[in-house]
């Protein structure tokens, strides 16, 4: 095989050129995203029903939950019951097809007998807002109609655009606003008017006409076609609708408000189709906007407020810059060691060949290009060139004795087994990652596939392309620079040989010292914080507001605007916009301010410092204020860093437990914005019918409910055609008659004899407070405690809660707990990482044992892995970084990197021992002959990491700890590998020899 490659250079060259051509095609055609495609399958079920929240919970929410729990693959069910509607979100395990999940949900919900048919909506966590547009017009009704008729349909047709959410949108309506005084004057009430309108304004199929030849469907069109016809609708003799009401074409009452630059408009949030290229979708929208602007009235303005592509470009540009700089530094290091330009250039062919060809393989496997892909390739620069360095160095040695072609063959033949062993060990590290079925597993998998693909390519380059080119272009002549510096390298080799000799004479002491180092480093690791993902400065902040009192939308808007103005006056802020009533219930007491900061080089403070400043600066006794850095993974409910759920049945017990949990979290000053959702209440006027009076006056309670519904609830009494769409006709009291309880008391009702009565004659009015919502999690009532952190790891918060769990739950067996959000993902990550590492160790041992036909040699090689972890821990501790998903990914990669140095040493020492040398001589020869290769590859990997470690550009908060962990891990493992592996080899040699005598006793010839 090696001879074929050396003898057929054009064939080999064409093969790798083909790979690179396909790689370039893939690189320019693949989907590009910030992170791997983390698509969490979510289904949202919304049910509207007349009833208070207790009725909704028992008759709707629980029924839906019970049905959902029977579906295969359900992970969690999160629900909320409100007055008149219920919302449930079911999260399925990763890998569940969203379409299949939606069909399963429809089938199960279809078997239920619910008061109304629920709406079922598919939600993919990767289809969150990619671009946001703010629309404004002085003519508000015109804006709403244009959004309905033109703007949304136009944008929906743009390629790649998925779900469009319109925040602050108000549905156009025909409003009939009743005048109570006029109703009393004509002996009418709202229910009377509703029934009269319905009886005169409708469209209905009335039957069929049949004869022998033709068939006709009879339809009655009795609808008003314009406002004038509706106004002239006869209510009773001499009384028309316009006499008792104001009729206008308007829009629904405002329940949600979007404001930007002091203007109230509509915020359109455009998501992408699942798995579609984010950058391509945003580009399509931007190209379509000029066309759209020509089709709508000129007084409608469109402002782009959020553009995800800017963030993607910023991060990818930074990583690519770091990668290119890393490649350059690697070339410099390789040249300084080889001191031969032709050898350096030949060895470095492995880097672009491996990187570009890797794009083709990951595209073939269905992966996209993302930040983690480029980070993986950056981290792997040293790996890609490592095998080539070993091969080219060995060929260069042979060139001093043999002619070029023979030198190339002997060089690769001698080192080929070691290169194969190194590559297989590296691959073994990444195989277990495929078993991680979690969000973090998708991150690991993206990196693993990228690195593994590159490893396969770099191995092929090293054993086929490098010998083929080296045999023809490697210049064996030593230049002046080489001659002047060779003495320096020989001196290092001699000092290492002397040190190694002393180590071998004191092997037990050194091995014990190494074990102590490993123990201390693992102890040190327990003192390092643990996070899921570090927060990065993406120039985005979110401010969440919630009123402690039940406020109207206008009152909440006024409070929020005061804070918005203070934020806009901050010199660090580029712009900000406000959304009041942003949640599913469109709760007017909740508001959200999105703050876009200026670019980092244009402001004085980092994002985290601004968040801390805002927490101190913006405090209001009447508001709960949370300042959040936006999460990097979009998903259901992942906003607050700390999310802790207490589950049970009794709401009072849950409140007490939540209060205890908040008190415990409050003991740490670095845990901030602590709140829960247990005490959210609303003001209520409770109507209690006086049964004795009702019986005496012969009043039907159901009739009272009908009158009040049409007076205060804005119910539909029909519709009016408007071209291609229809406007609902909404009946209600005029706003000025819905402001106080006196208007409610004076409502006119009728008894069963048709006699008019005031509502207050049969009903008692009681002011009270009631819960806004009942929250549920996995079929239990729940209270969620949320918090932020200020320079504190999530692992520390979780430990604080777990250590005090008995106190929080008060040893109450009816209560349980769960973590959600990032803390839950953190737990999954640590668990998956531990399993992946354990499985990787097993696989590496199995492979090495098979390759070396030894039970002992694999253990000697694998000692480098805990040494590397120790170095990584020291590096993180010194620099003040925490363990995180990114760092754990780096450690997985590090385990693969460090084993190669031990393989190079052990492979040579093992061969020399088999040739009859005693272990000491064999180890001294192995150490001296492999020292340069080990140092060269280690320095090449370290310098490839330096740009990532030292960069302060986009994403450095995650990138830098990764690189630091690898750099310190490489330093510790390399220094100790050069010393402890020989010591262990000598210590275990006799045991290995004895075992070999057993299983190598006889062999077939």
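These residue numbers are counts, starting from 1, taken along the chain as shown.
Using N, Cα and C of the backbone, Cβ positions are placed for all residues, glycine too.
All annotation found in TrEMBL is predicted automatically rather than curated by experts.
Among the ranges 796-816, 859-879, the one that TrEMBL lists as transmembrane segment is 859-879. The range from 276-298, 345-367, 483-505 that TrEMBL describes as transmembrane segment is residues 345-367. Feature annotation (TrEMBL): of 510-530, 531-551, 552-572, the stretch labelled transmembrane segment is 510-530. The stretch that TrEMBL tags with transmembrane segment, taken from the ranges 417-436, 577-596, 597-616, is 417-436. Looking at 345-367, 373-396, 442-466, 832-852, the range that has the most CB pairs within less than 8 A of the transmembrane segment (962-989) turns out to be 373-396. Within the chain carrying the transmembrane segment (442-466), a Cβ under 8 angstroms from the stretch's Cβ atoms is held by residues 2, 5, 12-13, 15-16, 19, 35-38, 94, 346-347, 349-350, 353-355, 357-358, 361-362, 365, 367, 370, 372-373, 375-377, 379-380, 383-388, 390-392, 395, 412, 416, 419-420, 423, 426-427, 430, 433-434, 436, 832-833, 836, 885, 888-889, 892-893, 896, all 6 or more beyond its ends. For the transmembrane segment (345-367), the most Cβ-contacting stretch among 12-35, 373-396, 510-530, 859-879, 885-910 is 12-35 (pairs under 8 Å). Ranked by the number of CB pairs under 8 Å to the transmembrane segment (859-879), the listed stretches 12-35, 319-338, 373-396, 510-530, 931-950 are led by 510-530. Outside the transmembrane segment (510-530), and at least 6 residues removed from its termini, the chain residues within Cβ reach (under 8 Å) are 503, 792-796, 826, 830, 863, 866-867, 869-871, 873-874, 876-877, 881-884, 976, 979-980, 983-984, 987.
Segment contact holds for the transmembrane segment (885-910) and the transmembrane segment (373-396), given three or more CB pairs below 8 angstroms at sequence separation of 6 or more. Residues 383, 386-387, 390-391, 444-445, 447-449, 451-452, 455-456, 458-459, 462-463, 832-833, 835-837, 839-840, 843-844, 847-848, 851, 861, 892-893, 895-897, 899-900, 903-904, 907 of the same chain lie 6 or more positions beyond the ends of the transmembrane segment (417-436) yet place their CB under 8 Å from a CB of it.
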